[in-house]
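*Asks:* Please see the structure below; I have some questions.
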Amino acid sequence: MASSLSGRFGMVVFSLLLWLAMAVWSTPGHAREPLNPTVAATAAGKGYVDKAEVRDGVLTLQGWAAAYNPSVYVTLVEIWLGDRAVYRGRLGFLTNRPDVVESTGQPLWLASGFHLPIRLPRDAAPGAFPLRVQVTNGDGGRFDLALSGEAREVLIPDGARTPGMKAQLALALAVVLPVGYLMLSFARRDGIAGSRGFAAAVLASFALLVAGGWSGSSLPLLLERARILQHDGANFIGKAQEVRRDEWLIVTPLAMSQGAEPRWLSSVNPLHGVYGQNMNVVGMSGAPTLGLPALAKPASWGFVAFDLKRALAWHWWFPFFACFLALWAVLRCWFALDWRKAAVLAVLVPGSAYSVGWSGWPAYASFFPLLAAWAAVRLFLTKSKAGAAFWGLVLGWAAAGFVLVLYPGWQIPLAYLMACLTLAQLWHMRSRMHRGVAQALGLVLAALVGGALLGAWWSDAQEAIRALGHTVYPGQRSMELGGYVEPWHLAKGLANLVTLYESSQWSIPSDAAGSLYLLIPLAVATLLQLVIRRSVDALVVVLWLFTAFVLVHMFMGIPAWLASATLWGKVPAFRLDVVLVLAQVFLLGYFLKDAPALRQWADGSRARTAGLQGVAMATAIGFAWFNARSLSMMPVPMQEWLNPAVLALILAAAAWLAYLLVRGQVWSAVAISAAWTLAVSLPFNPLQQAPGMCNWCRSCSPH
């Protein structure tokens with residue numbers, strides 16, 4: 001009896017599984033035969049497709065559909081292109097169509113309009129395909145929608161290309177090499193070849209991305225909208241960012257145009273304007289030229305050495321990789337950090353939402369002063385003349401490159417920060433410093449190299465610079481006194497998982513982009529160190545004095561005489577994230593080095609441990625309250641982007657980070673911050689294969 005019941009039960013289960021498999025197999029993920037139009041039910045309802053078009057791989061249908069039976073709902077729509085099913089799902093929210101009521105005499109069909117965008121399969125072939133749309137009602141009745149003349153066939157245009165397998169393999173290796181090496185090093189204590197192996201893996205990753213032609217530029221917006229160009233770029237994942245117009249509409253096209261005839265890489269490009277455009281005044285990552293100043297614009301080197309595809313890849317990735325490697329080197333040199341932990345900490349600047357949201361330009365601007373600071377310290381630590389000469393050359397080159405970024409809003413605060421920190425670090429290392437002929441030689445070479453590069457640039461650009469000086473913007477820009485930054489500015493980085501991907505009249509992604517600011521728990525950690533040790537390092541004092549000045553400039557403002565004397569009158573207060581995040585990383589680096597001493601002190605007695613835990617918990621609660629209060633000051637539409645669950649999540653995470661920092665578990669806080677930062681910022685820009693060819697369309701080629 002039991003055996004019989006078991007057998008029947010098995011048959012029932014088998015039948016259910018078979019039915020489920022058949023139902024899954026019949027979904028549009030597989031080819032599905034469309035129903036014969038002659039037998040399709042037509043009495044269940046009526047509808048019409050007014051318009052059907054494909055753009056950027058998305059098929060958009062517009063029309064109306066309604067059931068004859070007013071007691072049932074239109075629930076399901078199935079769409080075929082030729083013999084291939086491309087969609088099966090909801091029709092979406094129905095909108096009012098008064099014209100349908102007027103033409104059909106059915107007042108109950110007012111709410112019958114639909115607008116349905118669906119993404120076509122990646123392997124959809126180009127060409128013209130007959131469209132068929134069938135609707136299913138809640139009672140099972142089906143009917144086909146009639147098609148307008150322009151909707152009978154759907155044209156999938158050429159150009160919906162996908163990157164080749166070799167390029168995708170290069171991308172995969174570019175990700176796996178540095179990440180895999182770092183993970184392996186944590187598992188095996190020091191990896192295969194230590195820090196040198198990791199540096200080689202990072203450089204190999206950069207080379208693979210360039211070789212594969214990968215880019216995160218939003219240039220496709222220009223190439224597609226122009227409608228007069230044909231190109232062979234291929235989108236992979238992500239969405240081009242409209243907000244990055246200064247990148248895809250100005251800087252990148254200017255750099256690309258330097259490769260056009262008749263004057264290849266000329267200082268004055270005759271293709272722009274009536275009298276041509278002086279390409280030496282293109283700031284940020286710059287435009288390539290053949291003059292001596294081009295040596296100080298490394299982001300543009302790809303246009304000299306490679307074809308267009310790889311030049312654009314170099315132009316995009318160089319700022320991120322250069323900033324990361326320079327910051328990694330400085331953290332290891334100044335704080336003697338474990339190279340693995342320094343690598344994770346260094347991610348917080350080039351990988352921040354602020355850097356990514358500005359197309360890597362903050363990272364590029366930070367790269368030069370970081371490299372100059374590293375070179376300056378190394379110059380005074382070396383004994384040999386050859387070593388001092390090398391570091392002097394690097395120092396002069398980095399200083400010239402920094403000037404040619406040509407954006408005072410970032411350059412001035414970065415120069416102040418890194419100059420002060422370099423002097424503080426040299427003071428800290430004064431017992432190990434060398435002051436001799438080698439150092440004098442290095443400084444002379446730095447001045448000669450920097451002077452030669454900038455002198456050549458000024459010779460080519462002086463007329464354009466003078467002309468810019470007489471413009472309303474940026475030449476005659478009024479003095480910035482600060483004091484106008486929103487009160488939620490220091491909390492905006494916590495909300496970037498939402499605000500970085502939303503846009504409205506109150507906020508755009510680039511301005512919403514920030515960083516995970518942990519200044520309050522870092523201040524508590526500094527006070528704890530002062531109480532425990534009764535002393536604080538000069539570097540920490542400089543960092544906090546500079547941070548205090550930046551915050552005063554942002555939220556309170558500074559006098560006009562001070563703004564004029566220090567050049568801070570040229571610094572917009574809402575552009576200071578570039579130095580705040582860098583100063584915070586240096587504070588984290590210091591406390592990452594000092595964390596074992598704090599834990600050792602706390603372990604000295606139960607009272608100390610309990611006291612430290614109490615301070616950490618109080619800081620966590622206060623930090624969460626501060627961020628909640630700050631975010632509540634945003635305009636209501638921005639607050640509504642953050643539903644209660646998301647808000648609770650980010651406040652809890654902020655509190656946890658604060659607790660970890662004050663408790664001395666700095667490495668855990670750094671690792672969580674790095675993971676959070678990358679998870680938020682990496683999806684922002686699209687990932688695509690840059691075009692290797694960009695020509696006029698045949699129909700609009702100039703005569």
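Note: Cβ is positioned from N, Cα and C throughout, glycine not excepted.
Any TrEMBL annotation is an automated prediction that lacks curation.
Quick paste of what TrEMBL says about this protein:
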TRANSMEM  167-186  transmembrane segment
TRANSMEM  198-216  transmembrane segment
DOMAIN    199-592  domain 'DUF7657'
TRANSMEM  316-335  transmembrane segment
TRANSMEM  342-358  transmembrane segment
TRANSMEM  388-407  transmembrane segment
TRANSMEM  436-458  transmembrane segment
TRANSMEM  512-532  transmembrane segment
TRANSMEM  539-562  transmembrane segment
TRANSMEM  574-592  transmembrane segment
TRANSMEM  612-629  transmembrane segment
TRANSMEM  641-659  transmembrane segment
*Asks:* Who are the chain neighbours of the transmembrane segment (342-358) in space, where the CB to CB distance is under 8 Å and they lie at least 6 residues beyond its ends?
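*Replies:* Same-chain contacts beyond the flanks: 182, 198, 244, 319-321, 323-324, 327-328, 331-332, 335, 366, 493, 496, 500, 509-510, 512-516, 577-578, 581-582, 584-585, 588-589, 592, 670-671, 673-674, 677-678, 680-682, 684-685.
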*Asks:* To what whole number does the mean pLDDT across the domain 'DUF7657' (199-592) round?
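*Replies:* A mean pLDDT of 92 is what the predicted model shows over the domain 'DUF7657' (199-592).
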*Asks:* Would you confirm whether the transmembrane segment (512-532) and the transmembrane segment (641-659) meet the contact rule of 3 or more C-beta pairs below 8 angstroms, pairs 6 or more apart in sequence?
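*Replies:* Between the transmembrane segment (641-659) and the transmembrane segment (512-532), which are separate recorded stretches, there is contact, as judged by 3 or more close Cβ pairs.
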*Asks:* Any chance you could find the range in 167-186, 316-335, 539-562, 641-659 with the most Cβ pairs under 8 Å to the transmembrane segment (574-592)?
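*Replies:* The stretch with the most close Cβ contacts to the transmembrane segment (574-592) is 539-562.
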*Asks:* Please indicate, using numbers and ranges, the residues of the same chain that are 6 or more beyond the transmembrane segment (316-335) and have a C-beta under 8 Å from a C-beta there.
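*Replies:* For the transmembrane segment (316-335), the far contacts come to 195, 199, 202-203, 205-206, 209-210, 214-217, 285, 298-299, 301-302, 342-343, 345-347, 349-351, 355, 359-361, 363-364, 366-367, 370-371, 373-374, 377-378, 425, 539, 582, 585-586, 589-590, 592-593, 690.
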*Asks:* In the same chain, who gets a Cβ under 8 Å from the transmembrane segment (167-186) while lying at least 6 residues past its ends?
*Replies:* 192, 194, 197-198, 201-202, 204-206, 208-209, 211-214, 236, 340, 343-344, 687, 689
